[in-house]
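Colleague: Submitted below is the structure of interest, expressed as structure tokens.
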Amino acid sequence: MHNFEEELTCPICYSIFEDPRVLPCSHTFCRNCLENVLQASGNFYIWRPLRIPLKCPNCRSIIEIASTGIESLPVNFALRAIIEKYQQEDHPDVVTCPEHYRQPLNVYCLLDKKLVCGHCLTIGQHHGHPIDDLQSAYLKEKDTPQKLLKQLTDTHWTDITRLIEKLEEQKCHSEKIVQGDKEVVLQYFKELIDTLEQKKKYFLAALCDVGKMINQEYTPQIQGMKEIREQQLELMTITTSLQDESPLKFLEKIDEVRQRVQMLKQRPLPEVQPVEIYPRVSNVLKEEWSRIEIGRIKKAVIPEMRVSSKRTPCSWSDNDEKEMELFKILNIAIVSLISVILMLILLFNHHIITFLNEITSICFSEVFLSVYQSLSKNLYDLNNTVCYTLYLLKEFMWKIVSR
């Protein structure tokens, strides 16, 4: 605390003097502080009711004051003037209490370990706490920074520094791992997308080839039928015009027209048979590719698609009762045998292929997958061939029986 400020502080409340009063012993105190001391003493002489004894809080001498109490003590006008002038000036080097206006922090509270003002000790939250003056408190705590500095430089903090370095190193290592994984993910899906794009191109190219096959299958037939149609229309025009010709020209042309019509009618017509595309891409994608593991897509085989004439199905839809009865009588043994063979083929083709589809997605390697797809195609061709052969055999036997 500033020396000059200390002279303006009440020794009882440790605040700047308020209404300072002078005792006969020349010591000065706040009026309120003296009233509190007087009330606390309770010393009254019965035989001298006009005088009230008071012990000076500073020198401990007994003095007597008038019965009017502390108001009878003279005011220390000189000190009050100095205080008023002091309070009007700015003192940046003096720290004041944030809770009590213009009261200096001139006392150290031992309980709360902080600076307080006189008001904090008398009417504030530090009332009744043990206190010490600033100089004594400073001397007691003067060596504390060295002790704290020693604590802050021991091995504990060295371990913390090492721990920070280790954590930073682990963080950097983990971030590198994450970054590496990101690059792996990007590369993996890039290769996967490239593979899928390549497979898509292969599928589309195969379908384009199938389209060319279909065009080669139907275009010549359609063109031939269009030529026949054009010749028909031409002959119709010629035939119509002959009716207006003279008998001579009519007879000259009619035989030629007749021969052309007969030749046109005798011209063989192609047998219209629907073609079948095998395998169907939708079935391949649904039944085979949907079960392929992602890691095997790159080695997955694109099936060879073909276009072939659709065979007569292995079924009979003849509603003629006599024909069916005769056929049953003459061919009961053969039909029974054929039925058994047909059931075995169809059963094998349905269940075994389904089973192979399931096994393929789980444990088949790329080589077995290719073999499986080839086997599936061959089974399909075998099924169609057998059905068509049975159909021809049935037609042949029916012709023999009919004769």
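Every residue gets a Cβ built from N, Cα and C, even glycine.
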Colleague: Given 10-60, 163-213, which one carries Swiss-Prot's zinc finger label?
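Modeller: Of 10-60, 163-213, Swiss-Prot gives zinc finger for 10-60.
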Colleague: What range among 92-134, 307-349, 350-392 does Swiss-Prot record as zinc finger?
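Modeller: Zinc finger, as annotated by Swiss-Prot, spans 92-134.
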Colleague: With a radius of 8 angstroms around the mean position of the C-beta atoms of C97, H100, C120, H126, what other residues of the same chain does the Zn(2+) site pick up?
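Modeller: For the Zn(2+) site the neighbour list reads E99, Q103, L105, V116, C117, G118, H119, L121, G124, Q125.
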Colleague: Test of understanding: give the count of other CB atoms lying within 10 angstroms of the CB of H100 (Zn(2+) binding site).
Modeller: 17
Colleague: Tell me which of the binding-site residues C97, C120 sits in the most Cβ-dense spot, judged by other Cβ atoms within 10 Å.
Modeller: C120
Colleague: Please count the residues of the zinc finger (10-60) that DSSP assigns to helix (H, G, I), strand (E, B) and coil.
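Modeller: Taking the zinc finger (10-60) as a whole: 11 helix, 12 strand, 28 coil.
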